[in-house]
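According to TrEMBL, the protein has these features:
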COMPBIAS  305-314  compositional bias 'Basic and acidic residues'
COMPBIAS  322-337  compositional bias 'Basic and acidic residues'
REGION    131-152  region 'Disordered'
REGION    228-247  region 'Disordered'
REGION    286-347  region 'Disordered'
Amino acid sequence: SMAEGAGAGPRLAELLAAGRRLWEEVETGTEPSSGAPAVQDKVRQGLDALQRAAAMVAQLDLFSENEELEEIASADLKYLLLPALLGALTLKQVDLSRRLEHLESARAHFWRFLKLCRSYRLGSFHLPPAATSPPAEEDAGSPSPGGPAATQPSLVAMASSRQAKIERYKQKKELENRLASMRTFVESGQADEDQIREFYILQIQKWINTSLEEIESIDQEMVILRSRGTAKQPSAPPHGTSRQVRTPLKPFILTRDAAQAKVFGAGYPGLPTMTVDDWYEQRRRQGVVSGQSVPQRTPGIADEELQKQQQEKKEEEDDEEALQKARNWDDWKDTHPRGYGNRQNVG
């Protein structure tokens, strides 16, 4: 292949292999937090290796927009994955003050990968727009009340996109199983050129699915970050304050108390449950909810919600008493006509 001829071959292959191995270690790692220094070291090293490999690929002009897939040497196919891997590792960075920048950079990598795959006719998919546009200036003030609700996709569209997601998920699982069974075969050097080629093309297809999914979730996260940005501008805290170090929340079920946590936990094994107290405690440890910020909650809905919960709790506790009172009231109503005791408007 051209790369081998240029003398960059072994070096390039090593860089790709190293970057890829580091990505896999981060992805399947056992570290409890992706912010752990050991994990972030791997992210940095991986990005470094992959960026150097990408620079070589560009220098060697390995891929061109107007070339056919058949013209790519089988051994070079794996370098098509570079931008996708770069995108995946870029997302693993945890510096929250630069989150938007990382999202934009990762999105550009994934998009470049998809564009390249399109030009080689690998996979049939809609190429997403090249970049997300920041929200229009006129909405910068406050979101209009008709905003999100007005633009909600129709139920039919939602159902069909859900169907598409299920299909994609099935394909992905199928692909992963095929890749897993071929991998040892290819890596042990027993595969012939056709098999190697098929293996790399399957990998590319798997990464096409991943890239499409990632771009979709990047776009959603960017909308949230940008709207938070516009909402915060008037009173934005100076750079580097604790406002920016929010850890993204994983989905979980919020329960009122431990008993409820037990019940919910049984039904949704995939989702952790936590009580309101646990949640506050966790957020406090993360430095998001400070001791004083609790009383400053905006009155209104939250308070009503809380009162309602306390009321329900109280009712559960003195259920017997409440029941008795209700019965007494019923008896009283039976013996006293409606309006009894209401003497203000006696004519």
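Placement of Cβ uses the backbone N, Cα and C atoms for every residue, glycine included.
Just so it is clear, the model here is predicted, and its values are computed rather than measured.
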Secondary structure composition of the compositional bias 'Basic and acidic residues' (305-314) [DSSP: H/G/I, E/B, coil]: 10 helix, 0 strand, 0 coil
Residue counts (helix, strand, coil, in that order) that DSSP gives for the compositional bias 'Basic and acidic residues' (322-337): 14 helix, 0 strand, 2 coil
